[in-house]
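Worksheet: one structure, shown below.
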Amino acid sequence: MSKEKASIGNGPGGIGRRQFLGTAALAGLAGVVACTDKGAAPAAAAVGAPASGAHGAAHGAGASVHLKPGELDTYYGLWSGGHTGDMRVLGLPSGREILRIPCFVPDALVGWGITNESKKVMGARPDGTLRYTVADTHHTHASYKDGNYDGRYAWVNDKINSRIARIRLDYFICDKITELPNVQGFHGIFPDKRDPVDTKINYTTRVFCGGEFGIPLPSAPTEDAGKYRSLFTCVDAETMAVRWQVLIDGNCDLVATSYDGKLAATNQYNTENGAHFEDMMSAERDACVFFNIARIEAAVQAGKFKTYGDSKVPVVDGTQAANKDPKTALTAYVSVPKNPHGVNASPDQKYFICAGKLSPTATVIELSRVLGWFDGKQEKLDDAIVAEVELGLGPLHTAFDGRGNAYTTLFLDSQLVKWNLDAAIKFHKGDKNAKYVVDRLDLQYQPGHVNASQSETVAADGKYLAVGCKFSKDRFLPVGPLHPENEQLIDISGQKMVLMADHPVRGEPHDFIIFKRELVRPKQVYALDDFPLAIKDPKESGVFRNGRKVTVKITSQAPAFSLREFKLKKGDEVTLILTNLDKIEDLTHGFAIPKYNVNFIVNPQETASVTFVADKPGVFWCYCTHFCHALHLEMRTRMIVEA
């Protein structure tokens, strides 16, 4: 891989604006990262960009984010929750949080991790306790049809325990979770957009997952980082089973997929395969690894794979040594500068963009040239790079407006830069008069992920853009040491970007998607027959004993439970089943048992169950925790446990 030096230019603005992190970050890299401005003009001056913050006073000049009472948002947003382990549903442009979807960690409001049904999804030990109770969700993405979202599913990763959760977008609930084998630090995630071979399959059937942390394969307690490897994983979108994995050189970070289904890719910040801070930054160029999906699946079909440990998942060899011949290669490593932190697919279906992080550059890779290399028609793989241009300090993630412009966050500069892809390509070819930077906007502060309305689809509409700022500092009322993060909304419908709103959010969201509300068709009342344990008539209620195992069947219709009381014996193993027979939307019922650590909800026509041991004798008032009626306080029943 090329080790060419990437010159690092100075971003616009003075040191004061980036002093909080910029100075510390650059000082921390002294002696590790060679940072120099020799041979490189300042990024803003090189492209004739407007001065940093020149129109920061335009705050509020864009379209209004205020909605009148009863007025609905025009877009949904799906946000990762970070180490709250959930997915969050927002309405845009208002920025109002509508729902939190529990996924990987318990949630006391809905009883996630308490009910038997949720434990089955989350994964439990033989004794009924959860396998994991912490998580770190980073990236959310949704299923596609014909290059646009189809409203079926969304997915989110858990970086801590290498799990992927699927969300049904009809009910906005998590219905499946899969743990990836032989992977640590599962970070990037992206669904495919169509099948690479069968043109009739114009929708998502695979979800690709990147393993960030190299580990010994098979697992072993070795300190030799040279033996650590990372795997790129394919999960079946319907069954959620792991289809196959690819062994690679270096690591995986984020993931992107092409619109024709032929390619997936992951950017790499640790091609050195280093275990320590300085080792991971020693190379001046890292890579974006492309995966030829059809060839990988043909290799699996032909039995050209191995397995690791107890896993039966086929693993093909995607290392550079095993893929030197382009015409048979499964992978292709395009070099990019230095420690890139993001790869994003442009809505015109032509390019992948890698942001440099430790380089002030963004790299534009033309997909047709990558495919040309796989076909033996492109002699040098790095000739797929059609632009590599300076944007500013700390470029991380990129969004698109569908008009040929890209929007990249600059972490150290605390800016969003709007730049034109065609102009960047012209500049890279030698036209130094091409002004590729269109606009800059100061953000508050240290922006990370960014996305725009419909940005990652063929229907990118260039109206709104959201950015997740990792530090809020002075933007909100102080609440002690733990600050909220700052999610900012920006109007990108005009030539100039306009900051519209700040929103404090509980830490720590990462990535998100924004899509038109008409693309989903939510159901607000369940189908009773979808639940095998459903109690369809209150007359079916009762206590049913089989030795020391007892089943209690109860229905609820506001404002009463079907059983006024029920009796148990100390030591009974109890499974309590509750069905909400109300058919009106928003009539959700709760069920709590004091001293037994039980609380859960049932939505209209939903059935849920809990299992516990009646180990405390006495009278316990089970009551409805979710307000549903004027006689809400009277909605209770007695559980009597006899000694």
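Every residue number used here counts from 1 along the chain in the order it is shown.
Glycine too: its Cβ is placed from the backbone N, Cα and C atoms.
Features reported for this protein in Swiss-Prot:
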- His138, His187: Cu cation Z2 binding site (BINDING)
- His139, His449: Cu cation Z3 binding site (BINDING)
- Tyr269, Glu272, Met280, Asp286, Asn339: Ca(2+) 2 binding site (BINDING)
- His341, His397: Cu cation Z1 binding site (BINDING)
- Lys470, Glu485: Ca(2+) 1 binding site (BINDING)
- His510: Cu cation Z4 binding site (BINDING)
- His589, Cys624, Cys628, Met635: Cu cation A1 binding site (BINDING)
- Cys624, His626, Cys628, His632: Cu cation A2 binding site (BINDING)
- 548-643: region 'COX2-like' (REGION)
- 1-46: signal peptide (SIGNAL)
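Taking the features listed in Swiss-Prot, we show where each one sits on the structure.
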residue : record                    : contacts (Cβ under 8 Å, 6+ apart)
His138  : Cu cation Z2 binding site : Ser80, Gly82, Val156, Asn157, Lys159, His187, Ile189, His510, Asp511
His139  : Cu cation Z3 binding site : Ser80, Val156, Asn157, His187, Gly188, Ile189, Phe190, Leu254, His510, Asp511
Tyr269  : Ca(2+) 2 binding site     : Asn251, Asp253, Met280, Asp286, Asn339, Pro340, His341, Lys357
His397  : Cu cation Z1 binding site : His341, Gly342, Asn344, Ala355, Thr408, Thr409, Gly448, His449, Val450, Asp511
Glu485  : Ca(2+) 1 binding site     : Gly468, Cys469, Lys470, Phe471, Ser472, Pro504, Val505, Arg506, Gly507, Glu508, Pro509
Cys624  : Cu cation A1 binding site : Ser556, Pro559, Phe561, His589, Gly590, Phe591, Ala592, His632, Met635, Arg636
His626  : Cu cation A2 binding site : Thr588, His589, Gly590, Ile601
Cys628  : Cu cation A1 binding site : Ala558, Pro559, Asp582, Leu587, Thr588, His589, Met635
Reduced DSSP assignment, His589 (Cu cation A1 binding site): strand
Those residues of the chain, 6+ apart, with a Cβ under 8 Å from that of Glu272 (Ca(2+) 2 binding site): Gly250, Asp279, Met280, Ser282, Ala283
Candidate with sparsest Cβ neighbourhood (10 Å radius) among His449, Lys470, His510, the listed binding-site residues: Lys470
Cu cation A2 site, defined by Cys624, His626, Cys628, His632: further same-chain residues with Cβ within 8 Å of the Cβ centre: Ala558, Pro559, Thr588, His589, Gly590, Thr625, Phe627, His629, Met635
Assigned element (helix, strand, coil) containing Met635 (Cu cation A1 binding site), judged by DSSP: coil
Residue counts (helix, strand, coil, in that order) that DSSP gives for the region 'COX2-like' (548-643): 3 helix, 54 strand, 39 coil
Among Met280, Met635, which are binding-site residues, the residue with the most C-beta atoms within 10 angstroms of its C-beta: Met635
Neighbours of His589, Cys624, Cys628, Met635 excl. site residues, C-beta within 8 Å of centre, Cu cation A1: Ser556, Ala558, Pro559, Gly590, Thr625, His626, Phe627, His629, His632
Local confidence of the prediction over the region 'COX2-like' (548-643), expressed as mean pLDDT: 97
Shell of the Ca(2+) 2 site beyond Tyr269, Glu272, Met280, Asp286, Asn339, same chain only (C-beta within 8 angstroms of their C-beta centre): Gly250, Asn251, Gln268, Asn270, Thr271, Gly274, Met281, Ala283, Lys338
Among His187, His589, His632, the most crowded of the binding-site residues [Cβ within 10 Å]: His589
Met280 (Ca(2+) 2 binding site) - helix vs strand vs coil (DSSP): helix
Count of other CB atoms lying within 10 Å of the CB belonging to Asn339 (Ca(2+) 2 binding site): 23
